[in-house]
């Protein structure tokens, strides 16, 4: 059904070409027919799926903001001191929707402007990713410092946003770490610092995600980190993770370098393939129109 629909959409362009046989060669018409019947439905389907994923991510992001009351009070977006993970869904979803819309409508309506926009936009993203990768490799120490600053800034805002809290807990549990470079980084949080003026029950403690896991426990003990940093360092290592998330992330990256590199190369190849596919479609459309 998709194939029949797309062939009907392309009939207008092809009809003009056939109505002027003196300007269009038989080979060009056959080439265009073959292209439409063989590849075009797959291109359209890929663009449509890309657009659908973008809408899904945007929907999840807006739903999360609605649940937190952000949509009813837009000014609260700037109130959070740390990073709101919802931005990931909104930005990624927005970019995917724009690319999917341009590619989908451009392919469906044989609109060369939208197809060129798709190619250029995707090319800019590819260039930015490549630049970020090179800079990250060259300026490793600077990246490490920025990561340290980013994590500590979010530690301060740990209790301010439930999504940020869940993200930090997941990170610490997955990499079995605590804080940016150690458990004492939680002194930056007003609920966990060890100052005498802190009346919180969590004083001198850490979140439960810093605690070492007991396989025998079926229920998570959310109070396992209470007073953990008041113990000697030797005893701390028994109940909580004492390694920071930055060195643990570096270790994980080194251990999984092949997999990470493969994922990035795969994404890059998909982007290059998308650019070439869109440009190839533009060339074929322009070739037929130029021969009218």
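Each Cβ is built from the backbone N, Cα and C atoms, and glycine gets one as well.
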Would you mind telling me which of 17-39, 86-108 TrEMBL tags as transmembrane segment?
86-108
Have a look at 231-256, 257-282 and point to the one annotated transmembrane segment in TrEMBL.
257-282
What stretch of 43-65, 114-139, 257-282 shows the most Cβ pairs under 8 Å to the transmembrane segment (86-108)?
43-65
Is it possible to get the count of other C-beta atoms within 10 angstroms of the C-beta of residue 177 (disulfide bond)?
26
For 178, 194, 210, listed as disulfide-bonded residues, tell me which one has the smallest number of other Cβ atoms within 10 Å.
194
Fill in the CA-CA distance, residue 194 (disulfide bond) to residue 210 (disulfide bond), as an integer in Å.
17
